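Colleague: For reference, TrEMBL lists these features for the protein:
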type: BINDING; residues: Glu35, Leu36, Arg37, Arg65, Arg183, Ser202, Gln206; note: 3-dehydroquinate binding site
type: ACT_SITE; residues: His120; note: active site, proton donor/acceptor
type: ACT_SITE; residues: Lys146; note: active site, schiff-base intermediate with substrate
Amino acid sequence: MILKPLICVPILQKNRKTVLKVASEAIDAGADLVELRIDALLDTDPQSVIHLMEEINYPLIATNRMREEGGYFMGSEDLRTDILVEVADHADYVDIELQTDAKYRSRVIQASKSTIISFHDFQKTPYLNELLEIVNKEKELGNIAKFAVMPQNMQDTLNVLEVVNREDNTVGIAMGELGRYTRVIAPILGSPITYASLGGESAPGQLDVKNTQEIIDRLMDGGE
């Protein structure tokens, strides 16, 4: 039996007040998780971030996304990963990129309760065998494998779903309009987390929480 996925709302606001507002709206909308995008914050001091996480007081993914994969963090890799290490104990999951240098990545993994090892390509979708290699590397390192890619054709979206269908504990996303449907089909194939918005997209092709929830519920309940 496939468990219903956790619906996660990414929070990319810059300051405490707006972060808490969006977190509250996400919780009220029925999100199971929120993702705090530390890289989007104006104040990334670890103690400030920890305090913010405590104020949110809800199941949370801590992410400090590198610029090479769509993030906003302007500091060094040493500092970027140090922040994650400092806040890790206060997060349910920590998202760290596969391409992070091994010495930094291992420190983050060791400090975390659970990890999402992620890969993002906003330009294209690697071939099926490459996606499988990426996921296998991610699964060797962390608890959940995640990849988000930009499809160029329908076959790319089907390849994303094929990987999710083959591999457990794998979040697979085909971004953009072409891949929008994968955000509700991948969970039916076993993806443990799907990402949704509160209206404005934090990634290309994201659906809002309500629609995501309703579609997945209908599909998993057989349309009853």
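If you go along the chain as it appears here, the first residue is 1 and each next one adds 1.
Any Cβ shown, glycine's included, is placed from N, Cα and C.
All TrEMBL annotations are machine predictions without curation.
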Colleague: Could you give the Cα-Cα distance between Glu35 (3-dehydroquinate binding site) and the residue listed as 'active site, schiff-base intermediate with substrate', in whole Å?
Modeller: 14
Colleague: Give me the CA-CA distance between the residue listed as 'active site, proton donor/acceptor' and Leu36 (3-dehydroquinate binding site), in Å, as a whole number.
Modeller: 17
Colleague: Which whole-number value in Å describes the distance between the Cα atoms of Arg183 (3-dehydroquinate binding site) and Lys146 (active site, schiff-base intermediate with substrate)?
Modeller: 13
Colleague: Looking at the recorded positions His120, Arg183, which sits with the largest number of other Cβ atoms within 10 Å of its Cβ?
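Modeller: Going through His120, Arg183 one by one, the largest Cβ count within 10 Å is at Arg183.
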Colleague: How big is the gap, in Å, between the Cα of Gln206 (3-dehydroquinate binding site) and that of the residue listed as 'active site, schiff-base intermediate with substrate', rounded to a whole number?
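Modeller: Distance between the two Cα atoms comes out at 16 Å.
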Colleague: Given Arg37 (3-dehydroquinate binding site) and Lys146 (active site, schiff-base intermediate with substrate), what distance in Å do their CA atoms have, once rounded to a whole number?
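Modeller: Arg37 (3-dehydroquinate binding site) to Lys146 (active site, schiff-base intermediate with substrate), Cα-Cα distance: 16 Å.
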Colleague: Taking only the Cα atoms, work out how far Lys146 (active site, schiff-base intermediate with substrate) lies from Leu36 (3-dehydroquinate binding site), in Å, as a whole number.
Modeller: 16
Colleague: Within its own chain, what residues at least 6 apart in sequence put their Cβ under 8 Å from the Cβ of Arg65 (3-dehydroquinate binding site), listed in sequence order?
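Modeller: When sequence neighbours closer than 6 are ignored, Arg65 (3-dehydroquinate binding site) has Arg37, Asp39, Gly71, Tyr72, Phe73, Asp95, Glu97 within Cβ distance under 8 Å.
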Colleague: Using a Cβ cut-off under 8 Å and a sequence separation of 6 or more, which residues in the same chain sit near Leu36 (3-dehydroquinate binding site)?
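Modeller: Residues satisfying the criterion: Ile11, Val19, Val49, Leu52, Met53, Ile56, Leu60, Ile61, Ala62, Thr63, Ala91.
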